Amino acid sequence: MNLSTANHHIPLNDGNSIPIIGLGTYSDPRPVPGKTFIAVKTAIDEGYRHIDGAYVYRNEHEVGEAIREKVAEGKVKREEIFYCGKLWSTDHDPEMVRPALERTLQTLKLDYIDLYIIEMPMAFKPGEEFYPKDENGRVIYHKSNLCATWEALEACKDAGLVKSLGVSNFNRRQLEVILNKPGLKYKPVTNQVECHPYFTQTKLLEVSASSMTSFIVAYSPLGTCRNPLWVNVSSPPLLKDELLTSLGKKYNKTQAQIVLRFDIQRGLVVIPKSTTPERIKENFQIFDFSLTKEEMKDIEALNKNVRFVEMLMWSDHPEYPFHDEY
């Protein structure tokens, strides 16, 4: 792949393409007003053309405002921006899928989005609350049919509301439920999962490559925040690894840049999140060097099968994806 800051798109299985690096806009626990707006504008100015967001992040209005401002300035055309939105777990019932996507479009004030993905295979009780809870404070689960949800997404694509469809946090079995669906119209183009040198997801990558189905989009490509609600805080911090530090010195790059370069050389799409302008710029500067085959093998050997984002609070959900090996 001959990728550059000016041209770093890779083809998807439906004829569309995706920029190999994007800006993640997840904010933990809640966004600081105005920060996402500035981050997205900074990213577009730097050369990013892929923005990853979600209605559940509570900042899609700022993402849309930033995109529209940059289009109005003439910095980019709308068709040059790739936006990925997500269907949340309370909207899995087929009749709720299109209204959820339309709500995202209204929030963004855009006519279409480029990719819409099922954020998690686990469904929660439908309603206004993102995390509906019972009297004991436990999230109320909901039985859904992933194939029926997918058919509703296919109808959204046919209606021109979205160009490509994908999934997130799906294991192999759940992905195959969609792929083996009778009458499948559109395959998922991506499966967005946690992936980094401590959790290389080699088997899931092999499944994607062998079936020529979906690209892996790596979230938390640099490790992640250390919020104990979501994250196993006993896991080792990735960016302090000695090998990454030594390679950074060799190439005059940061550990983060080494990791992101490793990921894109593996063919992964990466969506590092940041609201810090300097870091947003730094994360994009990965097209002016490449790692050797030996260095790639050395970084791959760092794998510890450490999953930072375990979502253990939902581990008793029937569709909890991480009981399976991959």
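The backbone N, Cα and C atoms fix where each Cβ goes, and this holds for glycine too.
In Swiss-Prot this protein carries:
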- Y57: active site, proton donor (ACT_SITE)
- 22-26, D52, 168-169, Q192, 219-224, 273-283: NADP(+) binding site (BINDING)
- Y26, Y57, W88, E119, Y131, W230: substrate binding site (BINDING)
Number of other Cβ atoms within 10 Å of the Cβ of the residue listed as 'active site, proton donor' across all protein chains:
22
Neighbouring C-beta atoms (10 Å sphere around the C-beta of L222 (NADP(+) binding site)):
24
Sequence gap of 6 or more, Cβ distance under 8 Å: name the residues on the same chain that satisfy this around S274 (NADP(+) binding site), in order along the sequence.
L23, G24, A39, I280, N283
Counting Cβ atoms within 10 Å of each candidate's own Cβ, which of the binding-site residues Y26, W88, Y131 comes out highest?
W88
Close recorded positions near Y26 (NADP(+) binding site), where close means Cα within 10 Å, chosen from Y57, W88, E119, Y131:
Y57
Taking the Cβ of E278 (NADP(+) binding site) as reference, which residues of that chain separated by at least 6 in sequence fall under 8 Å from it?
none
Specify the count of other C-beta atoms within 10 Å of the C-beta of Q192 (NADP(+) binding site).
26
